[in-house]
Amino acid sequence: MARGIDAVTRTAGAGAIALALVLLLTLGTLAAVAVRAESAGGFGVADWAALRFTLIQATLSAALSVVLAVPIGRAFARRRFPGRSLLVMLLGAPFILPVIVAVFGLISVFGRSGIVSQALLALGFEPISIYGFHGVVLAHVFFNLPLATRLVLQGWLAIPAERFRLAASLGMTSRDISRHLERPMLREVVPGAFLVIFLLCLTSFAVALALGGGPRATTIELAIYQAFRLDFDLGKAALLALVQFVLGAAVALIALKVALPSGFGSGLDRAVMRWDANSPVLRALDAALIALATLFLVLPMAMIAVDGIPALTSLPPSVFAATLRSLGVAMASVVLSISLALPIAAWAVKSRSRLVEAIGTLTIAASPLVIGTGLFILIFPVADPFAFALPVTALVNAVMSLPFALRALVPALGQIEADFGRLADGLGMSGWARFRLVWLPRLRRPLGFSAGLAAALSMGDLGVIALFASPDTPTLPLQLYRLLSAYRMDDAAGAALVLLAASLAVFWVFDRGGRVNADA
Amino acid sequence: MRTPIIAAGLVGLASVANAQDTLTVYTYDSFVAEWGPGPVIEKAFEARCDCDLEFVAVGDGAEILSRLRLEGARTEADVVLGLDENLAEAARETALFAPHGIESPQLDLPIEWQDELFLPFDWGYFAFIYDKTKVDNPPTSFEELADSDLSILIQDPRSSTPGLGLILWVKAVYGEEAGAYWERLNDQIVTVTKGWSEAYGMFVEGEADMVLSYTTSPAYHLIAEDDDTKAAAAFDDGHYMQIEIAGKVASTEQGELADMFMDFMLTDGFQSAIPTTNWMYPAKIPTEGLPDGFETLHEPESALIYLGAEAEAIRDDAIEEWRAASTR
Amino acid sequence: MLTLENMHVDLGGFTLDASLSVEPGRKVAILGPSGAGKSTLLAALGGYQPASGRVLWSGTDLSGKSPAQRPITTIFQDNNLFPHLTAAQNVGLGVRPDLRLSKGDVARVDEALNRVGLAGLGPRKPAALSGGQIARVALARALLRDKPIMLLDEPFGALGPALRDEMLGFIAALADETGATLLMVSHEPGDARRIADDVILVADGVAHAPVPTAEIFAHPPEALRDYLGH
């Protein structure tokens with residue numbers, strides 16, 4: 001068994017190294033921050049306010065997203081219409097949409113001079129404000145309503161079609177169906193969806209930076225940035241970082257207990273035949289819901305295109321340089337993310353340990369700014385941290401995309417081993433041969449997806465780069481934020497469009513690359 | 001799309017290939033904007049120094065100081081331009097600055113200047129700017145402002161020098177009652193931006209009735225845009241004064257160039273650009289005087305300012321007071 | 001001689017015990033009710049399922065050896081081929097599991113494909129092959145691996161009756177030709193009658209010693225009677 005043991009040890013070894021690196025980057029950096037926090041002055045009034053704001057906005061964002069997602073998901077589940085699969089696909093888009101681009105789109109729709117306010121003004125109403133609490137929640141709902149809708153829709157489609165047929169044959173009304181089929185499903189799906197979104201909103205930075213920022217609308221993540229970047233108060237940054245981490249880890253643990261939905265399920269392009277929902281009122285209701293949701297989703301993105309196209313020709317060269325820089329960061333992030341995810345996934349599958357995957361997934365609770373602050377403190381004594389802005393951005397984003405990569409890779413690898421593990425064992429395929437001849441070709445789809453996600457997330461990230469950025473080497477999202485800050489709206493519109501296109505393109509290239517010629 | 005990318009690459013190469021001495025000046029965002037003083041001054045200085053003057057924008061004024069603290073002696077900055085008097089003491093305490101070495105500089109400031117490290121390059125009065133076509137009865141005091149339902153845009157005092165200026169202004173007017181005043185004003189604040197540019201841009205776009213800026217800001221609309229609809233609300237409480245300063249970084253390897261720049265800063269080549277690009281009063285009025293239009297600006301009867309150490313002593317507490325009041 | 005000494009598998013609630021011997025070169029069918037542990041027996045023999053006790057082949061203890069190190073080749077119920085590799089590559093894995101094949105190796109692969117009647121189909125991927133052809137590719141690889149023991153776990157379950165009959169005949173012929181010892185799990189008593197010399201009955205957590213096929217069907221023990229349904 002020498003050879004077998006060898007292979008297992010090697011898998012575990014590589015996995016352990018990758019996992020150790022992840023832990024070092026999350027807990028290690030946290031420790032670095034904590035050690036540096038020599039004068040951990042107490043939690044001030046403003047810090048409590050940040051904590052309160054963080055929790056309230058995350059709760060409200062998650063609740064609104066889920067509550068709205070239920071009727072919208074139901075409408076999608078029971079209606080068939082042309083363009084439905086395109087719309088369902090579009091529901092996945094906000095996930096890879098750079099936050100700062102979306103914020104730009106939202107401002108052009110909901111800002112004081114945006115479409116909605118102009119319409120309200122024309123009708124004699126007060127225009128709405130997108131800044132502060134409302135804006136932050138609005139942006140979070142924009143990002144997470146589609147995710148929630150997908151999760152709910154998945155739940156609906158997981159109810160076997162035969163049950164609806166049975167219900168119809170028994171003459172059940174919509175209300176009966178809701179009680180016997182739909183509500184039990186929702187009771188399972190909704191808590192998981194709520195927690196995921198709550199968690200995502202908990203560490204929100206770019207939205208709060210762009211739309212909040214004042215003492216009334218500061219998340220803990222933003223407060224860390226301010227303590228670090230504005231007050232140069234490492235003690236305060238460390239304290240906030242600890243609070244952030246404990247909060248995130250606690251929610252993540254609860255989320256792991258509640259069955260966490262995967263969120264990327266395929267096969268959402270079918271609708272369930274329903275015999276109970278054919279009344280004109282219900283049809284109209286569903287149509288209105290789908291139309292409104294689509295409008296809410298598509299309008300900001302359309303505005304980016306509308307505003308951006310005319311500005312493309314006159315974009316400053318700095319935008320292109322920033323684009324190249326961001327592409328470089330995205331590629332590096334892909335390589336790092338996959339190099340971390342594969343060994344951890346392999347170890348998790350080989351050792352059948354849920355713990356390995358759980359630890360890898362815990363980075364979803366980690367804060368990029370805490371990692372960034374820690375790295376800054378670690379690098380500072382030996383070198384100029386600002387010189388490492390781009391590598392650090394790539395690394396932190398690789399770690400942040402790890403949970404999603406693991407969610408895609410671990411089940412896929414588990415399936416490969418279940419299907420072909422014995423065959424490969426029997427043939428003596430181990431180590432590199434197994435990796436090259438079995439895993440790699442069979443993992444193409446999840447690898448392509450993970451790589452695409454890592455690329456898109458790092459391409460559009462405005463988090464740790466804001467901490468480290470040296471003024472002369474901004475990434476594209478940072479450049480866009482600066483243009484927005486300087487209120488150069490034309491250039492910002494062009495840059496937003498470039499960033500949007502680049503993010504979607506890198507995702508598409510990798511995801512597509514994983515599908516082309518991939519044998520089922 | 002390919003051509004600009006290649007071009008950008010070539011530009012990058014070219015700047016590496018050029019072995020000319022470079023003077024790096026950290027400043028705030030709006031200083032280096034196309035329409036700001038940066039481009040004019042860069043051209044004027046490079047014409048006489050045979051060097052490459054590089055302005056690096058690191059955010060709004062107060063962020064420059066944080067940035068310096070983060071970088072320490074490793075900073076690439078040779079000169080820092082755009083802190084203000086309210087931050088002078090904090091900047092002095094970093095021990096990162098060297099004396100400017102100019103004996104009794106010729107200045108046209110409303111106050112006397114004695115500072116070995118820092119030199120002023122312009123100054124102005126903070127004020128709330130409004131649109132005359134939209135606001136009929138502008139407030140004439142902080143009291144009236146808080147009693148009105150006008151929406152305002154202000155800047156974060158931790159990142160922006162106007163933001164800090166407003167905190168000290170309220171402190172100067174209200175003293176112990178400043179916290180209570182902020183609580184009254186709270187509802188009217190649309191948002192607190194990180195920098196001045198953002199807030200002013202939002203004001204121009206109509207996001208709020210008033211924005212914290214300078215009494216000189218209407219001059220921009222008047223002179224550059226031929227638009228006389230913008231005005232500064234004159235407050236009976238007096239207006240807080242801002243003096244923007246520059247200093248030479250002690251760790252610089254371009255000491256001579258830095259000295260040369262500090263000298264140049266108080267000459268016409270620099271000062272004549274200030275009124276119509278930075279829209280502030282020049283620290284030394286150039287030979288041709290102030291441009292037409294400046295005479296229309298409101299001149300406060302009483303100017304308020306905390307100098308150096310005094311500002312430093314109350315700054316942190318005043319900011320904390322504002323943050324605490326603003327979170328309610 | 002293949003000998004199982006006090007072999008014991010514990011799957012938590014389900015156990016399987018076996019102490020038996022199989023003469024070399026015999027073709028043995030493993031019969032029994034579903035869930036009795038037929039596949040578990042095969043997995044333990046193949047080294048895929050940890051078991052206590054000893055497994056001996058010609059006096060050598062196989063316990064603790066990895067599947068690839070045992071003198072055994074296994075053909076599974078399904079997933080015998082990697083869908084992303086061509087038929088020739090799938091066969092080539094039997095020569096070198098890292099697929100770094102020499103010219104001579106490639107020639108041997110072609111020869112094996114010829115032998116199972118798949119000449120010229122080497123470049124095809126499994127998706128482009130019929131069920132019978134897929135089974136033949138797996139056999140071609142087994143031929144190349146040239147192990148003295150061949151385990152088959154209901155290998156032709158998915159094939160129609162005619163094709164299944166044909167493949168059984170083919171396998172029997174191959175086993176006769178190479179002198180390999182054959183153990184085949186089947187739920188189809190007809191399969192046993194068709195090619196097996198002996199039958200191992202697995203029932204109630206015990207794998208019984210092999211009994212000649214004709215004899216066991218003439219005088220079926222109770223467990224087999226229940227299974228056969230008469």
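The backbone N, Cα and C atoms fix where each Cβ goes, glycine too.
What TrEMBL says about a protein is an automatic prediction, not a curated fact.
Feature annotations, reproduced from TrEMBL:
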{"type": "DOMAIN", "residues": "A:51-255", "note": "domain 'ABC transmembrane type-1'"}
{"type": "DOMAIN", "residues": "A:323-510", "note": "domain 'ABC transmembrane type-1'"}
{"type": "TRANSMEM", "residues": "A:12-35", "note": "transmembrane segment"}
{"type": "TRANSMEM", "residues": "A:55-73", "note": "transmembrane segment"}
{"type": "TRANSMEM", "residues": "A:85-110", "note": "transmembrane segment"}
{"type": "TRANSMEM", "residues": "A:130-153", "note": "transmembrane segment"}
{"type": "TRANSMEM", "residues": "A:189-211", "note": "transmembrane segment"}
{"type": "TRANSMEM", "residues": "A:237-260", "note": "transmembrane segment"}
{"type": "TRANSMEM", "residues": "A:281-306", "note": "transmembrane segment"}
{"type": "TRANSMEM", "residues": "A:326-349", "note": "transmembrane segment"}
{"type": "TRANSMEM", "residues": "A:361-380", "note": "transmembrane segment"}
{"type": "TRANSMEM", "residues": "A:386-406", "note": "transmembrane segment"}
{"type": "TRANSMEM", "residues": "A:447-469", "note": "transmembrane segment"}
{"type": "TRANSMEM", "residues": "A:492-510", "note": "transmembrane segment"}
*Folded-back contacts onto the transmembrane segment (A:237-260), same chain, C-beta under 8 angstroms, at least six residues removed*: 26, 30, 33-34, 36-37, 40-41, 43, 47, 50-51, 54, 188, 191-192, 195-196, 198-199, 202-203, 220-221, 223-224, 227-228, 358, 361-362, 364-367, 369-370, 373-374
_Contact call for the transmembrane segment (A:281-306) against the transmembrane segment (A:12-35), three or more Cβ pairs under 8 Å_ = no
*Of A:12-35, A:55-73, A:130-153, A:189-211, whichever stretch has the most CB pairs under 8 A to the transmembrane segment (A:85-110)*: A:130-153
*Would the transmembrane segment (A:189-211) count as touching the transmembrane segment (A:55-73), if touching means at least three Cβ pairs under 8 Å and pairs must be 6 or more apart in sequence?*
yes
